[in-house]
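Feature annotations, reproduced from TrEMBL:
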BINDING   D136, L137, T138, R163, Q179, D183, R332, Y336, Y337  L-histidine binding site
DOMAIN    38-395  domain 'Aminoacyl-transfer RNA synthetases class-II family profile'
Amino acid sequence: MVVEASCCGDIFLTTGTGRLVRIKGKDELCGFCILQIDEEVAKLLELKARLGGDDGKHQFVLKTAKGTRDYNPKQMAIREKVFNTIISCFKRHGAETIDTPVFELKETLTGKYGEDSKLIYDLKDQGGELLSLRYDLTVPFARYLAMNKITNIKRYHIAKVYRRDNPAMTRGRYREFYQCDFDIAGQYDAMIPDAECLKIVYEILSQLDLGDFRIKVNDRRILDGMFAVCGVPDDKFRTICSTVDKLDKMPWEDVKKEMVNEKGLSEEAADQIGEYVSMQGGMDLAERLLQDQKMSQSKQACAGLSDIKLLFSYLQLFQVTDKVVFDLSLARGLDYYTGIIYEAVLSQAGVESVSVGSVAGGGRYDGLVGMFDPKGRKVPCVGVSIGIERIFSIMEQKAEASAEKVRTTEVQVMVASAQKNLLEERLKLVTELWNAGIKAEVMYKKNPKLLSQLQHCEESGIPLVAILGEQELKDGVVKLRVVATREEVDICRADLIEEVRRRTSDAS
């Protein structure tokens, strides 16, 4: 079987084991071709498994699709805790929520993501509609605003997105993953909504206790002004911007090499860019650059620098400047950003084996809604996306490293019996508890051993056991046992619900 990597013109032969043998082509492959080859090999191996071996028996491949994963109850409990932290922060800042379809018309997504557009998942023609799985939540949000003629909204949206990326699952990089977005749409005074977005990132990362972090800030107008004064041709702004965006993963020497050798930029222009992108600071750096001989020649750059100064004045009032840095190397590759851009990076994950990139990012995109509006009416927007999968990778490993037990259920009380033939009484009592809104559980055996019921509570973290016996039924009481201390007390049946509520609310 032959697989061709069309982008680089390389042809590979797959052997029976799925190993690739190069027939002809370049010495190096681009990431897109590697992705293409991986997918073709996976298809061949899956086809081989479906057809079965030499014995003719049908075989199934029991695996999740590449770049996806299952989550067990413990992982979901950690995940839910992270979601709750994020959602409560969004709500604290006055956001309401929306939802959009998991797929969009292909033309809705095309041309919005720059060089990353090749990672969009296209679907087969469905009744005359060319569709693609959503790549992020921002473009569908802009389409939603234009379609419904909404000019003001503060919204959050938590949902899955899809990318034909080369997955690095140990670092929280998947093909199917959640995004947690917060956006403010509407015409407001400069930098106030932008500063609130950064405050939200600060609150969430502080509350999740992931370790030290910093939030890098820049402005697309500063970048474009910098490219102009350094001699970058107008038609190369976006492609040079995407190369600068790689500075967090590659040393400057390699970034410069890509600019000069692959993208045709002059060495002199690249060196001038190198001087600027090494700069970091705060309001003082913005003031210094406004006086810079070259940068002051660009009206775009000066407008961006003035807004950075204003932003930092609001960030001081929000008490977050200790974590925010003005960094001229920050570029963010998406084409739709028009002004302020930012990215949160963990300085230390708290777990040595975890290596993740940015855990939040966003910026201002004032022109995106206008691309969808029939009359081109613009709705200024600014927002942030929390990298939930990367955060979850850290939280999961922290949980594994600690001895702390993660509860996967919220059961407050187990209804148990100490003697045989009390199934009906147990079912009656658990029904009373359920009807009162108490989270309760009962074993699905007619005559379970009391020890088995108590062990289940210890393993599951259930704090209380309501024990029934013949004597308790005669006396109209329930023996309530505290699992942690093994303390037991007789409670009047009529008072059980209030007692359970009191004890579990104290514990929480």
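Note that Cβ sites are derived from N, Cα and C of the backbone, with glycine treated the same way.
Automated prediction, rather than curation, is the source of TrEMBL annotations.
Model, not experiment: these values are computed from the prediction.
Structure coloured by features recorded in TrEMBL.
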residue	record	Cβ contacts under 8 Å, 6 or more apart
D136	L-histidine binding site	Y113, V161, Q179, S385
T138	L-histidine binding site	D181, D183, Y336, Y365, L368, G383, S385
R332	L-histidine binding site	D245, I341, E343, G361, G363
Y337	L-histidine binding site	R220, G363, R364, Y365
Starting from the Cβ of Q179 (L-histidine binding site), draw a 10 Å sphere and report how many other Cβ atoms land inside it.
19
Where the record names D136, L137, T138, R163, Q179, D183, R332, Y336, Y337 as binding L-histidine, the maximum Cα to Cα distance in Å:
21
Segment-level pLDDT (mean, integer) for the domain 'Aminoacyl-transfer RNA synthetases class-II family profile' (38-395):
88
